[in-house]
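As written in TrEMBL, here are the features:
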- 18-102: domain 'Methylated-DNA-[protein]-cysteine S-methyltransferase DNA binding' (DOMAIN)
Amino acid sequence: MQSFYPPRRGGPEKGAPEEVWRAVSQIPRGCVTSYGQISSLLGAPWTPRLVGQALKKNPFAPEVPCHRVVRADRTLGGYFGATAFEDEKVQTKVRLLEEEGVLLERKGEAWLVRAGCFWSFPSAASAQAAGRASAQAGEGVSLYPAKRKAEG
């Protein structure tokens with residue numbers, strides 16, 4: 001698979017948005033993870049808020065699937081700066097998630113991603129190694145692994 005990124009020479013600069021985009025590209029289709037999970041994976045200087053800011057600047061969406069990142073409480077969070085559920089941008093995020101098989105549930109006034117759709121990186125070391133190995137091979141990280149079955 002061809003990479004959406006320029007060739008890396010020794011990896012992206014620490015704190016560059018490309019670090020976040022590479023991590024997000026590892027989230028399987030039909031799953032989501034949180035801004036906090038990504039910041040934990042990448043370490044300093046990344047905070048959940050900075051992860052969100054990097055995703056807001058993602059020029060490769062939806063191929064680099066920033067729509068697969070939600071808040072730790074499983075509410076949707078934002079999409080390209082929009083946070084209101086009624087906003088057209090957030091509705092695009094909902095549509096992309098539902099097309100991938102992510103299940104949403106309503107809790108009071110909020111929409112949450114079902115717990116069974118939440119995904120965690122296996123470990124920081126293996127996720128980072130996967131990113132380095134694919135870059136060294138001149139390939140991009142697979143953006144769309146096999147679709148998982150929806151839970152009932």
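Even glycines carry a Cβ here, placed using N, Cα and C.
Per-residue confidence over the domain 'Methylated-DNA-[protein]-cysteine S-methyltransferase DNA binding' (18-102) averages out at a pLDDT of 93. Taking H, G and I as helix, E and B as strand and the rest as coil, DSSP gives the domain 'Methylated-DNA-[protein]-cysteine S-methyltransferase DNA binding' (18-102) the counts 39 helix, 8 strand, 38 coil.
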